[in-house]
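This report concerns only the one structure given below.
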Amino acid sequence: MPAVKIIMSTETSASETTPLRRSENETPDHKELAQSNSNSRQTTVNSNNNNYSNSVQVRLQEQDRDSDSEQQQHTATITMDTNKRILCRVGLDVLILLCAGFPILLFFLLGEPYKRGFFCDDESLKHPFHDSTVRNWMLYFIGAVIPVGVIFIVEVIISQNKAKQDNGNATSRRYVFMNYELPDWMIECYKKIGIYAFGAVLSQLTTDIAKYSIGRLRPHFIAVCQPQMADGSTCDDAINAGKYIQEFTCKGVGSSARMLKEMRLSFPSGHSSFTFFAMVYLALYLQARMTWRGSKLLRHLLQFLFIMVAWYTALSRVSDYKHHWSDVLAGSLIGSISALVVANYVSDLFQKPNTKPYLARTVQDMNASPAQAITITTN
């Protein structure tokens, strides 16, 4: 019996060491298991985070592309609107200028001056015919080439001086049309020359209306017309002395049809009105725009020379027997008053600085808020 007990005890002892029960050396470490599980969960989380991050980046890139596309479309739309606005403004200016100048062409081609009578013994109508001292090409040079050239030179110099002062960073010099940045001098020349041309056309139209409405005879009327009365008599016959002659025809030997028409257009003087408008306006322009620290007298000398050009032109019309002195005076007043009105009330030469831009600027300026908008001062 005791032996049996020993055997059973041995079996029991052996059963405790069977492979079905792991020994302490073979038991896994709980820390390693926890670490492994933690690493597995971390890998899963990192994978999920990477997938989410990639998804967010893709969405952001798509949003950026959409935003860039919308911005480009918006920019293109604003650019097209800006170009259209500039074209409409320029086209409207040209149309208005043509409308104002068209009646002058009609007067020249189709206009008929008022038929005024005369006295055969009127000494003011018996002067000989002379060619003009100031020819037409000289008149056009005085009234067109000189003002345009002076305005161009002054505006270019002003623009260069501004560029030097601003070191190329001046925002007021940015004008964009058809994706081309227009310089400031070009815009200013367009404004100044356009307004000058508008004023010159109106001054000439005012003069022509008076010419064709009054029909005053020129001092060389008798020499050019060589009038013959209905009964065949002339001014050399005594029966016509002291008579006011209304019914007559012009023999006009050696006179062209244009000369026979021009002999009735004495009042007011067109040469005087045109040159005085051009030179007075140019003097006012220099007063407002020309600033040279070298010598203040240079500006006033140029102004004096320009006025003297107009003064000489007006005097030559009397000495050439093209006009009576009152015709020249009236023409000079029309031109001078027109220049004063245009310079002070039509142009911006003497206006206070204005913060409203004349032309549309860049796309950034179009999108800028009122507080951030770039303003331009015109002077």
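Cβ coordinates come from backbone N, Cα and C, glycine included.
Model, not experiment: these values are computed from the prediction.
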Check: Which of the listed residues, Asn25, Asn169, has Swiss-Prot annotated as N-linked glycosylation site?
Finding: Asn169
Notebook entry, point to check: Which stretch does Swiss-Prot mark as transmembrane segment, out of 266-286, 308-328?
Noted result: 266-286
Check: Of the stretches 90-110, 138-158, 330-350, which racks up the most C-beta pairs under 8 Å with the transmembrane segment (266-286)?
Finding: 330-350
